[in-house]
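Now, the feature entries from Swiss-Prot:
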{"type": "DOMAIN", "residues": "3-184", "note": "domain 'KARI N-terminal Rossmann'"}
{"type": "BINDING", "residues": "26, 27, 28, 29, 52, 54, 135", "note": "NADP(+) binding site"}
{"type": "ACT_SITE", "residues": "109", "note": "active site"}
{"type": "DOMAIN", "residues": "185-329", "note": "domain 'KARI C-terminal knotted'"}
{"type": "BINDING", "residues": "193, 229, 233", "note": "Mg(2+) 2 binding site"}
{"type": "BINDING", "residues": "193, 197", "note": "Mg(2+) 1 binding site"}
{"type": "BINDING", "residues": "254", "note": "substrate binding site"}
């Protein structure tokens, strides 16, 4: 591997166990991290604003809940597990002014630091600890004595605590050392994560799925078949990719499918590459971040419009019917 990788045997769990951790936010990621840390014998408190709907849940699960300001003042390590677009207003008001030299503030995504939404005071460490998966998977894998890959990065050193040692120890406490903890930078994590979401995992995949579905519908094929071929079977391919890689996927599909994939890739390849380069450029030059923060400042008009319109599409209407048996089994 090009990146340095660390495992449980390389990391001292005692580093994070000796410190008081405060987690700001108690969504799926905050909850999973708090539970994993506690099960790893780490002292954890939760910071939430007054009136938060998560207060009762956190208390029910046995955590001490403080206001954000109080949490910052009483913690050695503060993890900001809030949505990216809220970092500036929350951290500037309730976190940054109360940080002291020697403390460490951590993030699960490099967005707000890389795009200068927050400025970390001198002497305060700034670390990234990013599990490569959602909170639900982070918790599930930990309970199975397994873990997710984690990324760590150091943006700024602490005047008191070794930031890298703290980041590694924190990742180990969440189960990351069981799988592997890779060291990168805020810039690389942020830009590659945004690119993956936009060009492949969310934007790219959704675009291909919806365009494929609509192409078959316009050609007169039944909605059910269009959904099966363009949406439903994505999971089968994704699972093969996840566990066996591209070559393994090729080995598990028919010659017809493999040859068809090669032929289809030829006309699509150049177009996709050019589009992806444009997407990456807008991420790198800050244009996407600017657009996203403007969207937030206007109360998400485009997101709200898109979400409402999506419910009325044929792909969602037939999908709801065909997914019903699977949801019922759960």
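Any Cβ shown, glycine's included, is placed from N, Cα and C.
Shown on the structure are the features that Swiss-Prot records.
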residue : record                 : contacts (Cβ under 8 Å, 6+ apart)
26      : NADP(+) binding site   : 34, 46, 48, 52, 54, 57, 58
27      : NADP(+) binding site   : 54, 81, 135
28      : NADP(+) binding site   : 134, 135, 136
29      : NADP(+) binding site   : 81, 108, 131, 134, 135, 138
109     : active site            : 84, 128, 130, 189, 190, 193
229     : Mg(2+) 2 binding site  : 212, 216
254     : substrate binding site : none
Using a 10 Å cut-off on Cβ-Cβ distances across all protein chains shown, tell me which of the binding-site residues (193, 197, 233) has the largest neighbour count.
193
Residue 52 (NADP(+) binding site): tally of other CB atoms within 10 A of its CB:
17
Taking just the CA atoms, what is the gap between residue 233 (Mg(2+) 2 binding site) and residue 197 (Mg(2+) 1 binding site) in Å?
20
Least Cβ-crowded entry, counting other Cβ within 10 Å, from the binding-site residues listed as 54, 135:
54
Mean of pLDDT values spanning the domain 'KARI C-terminal knotted' (185-329):
95
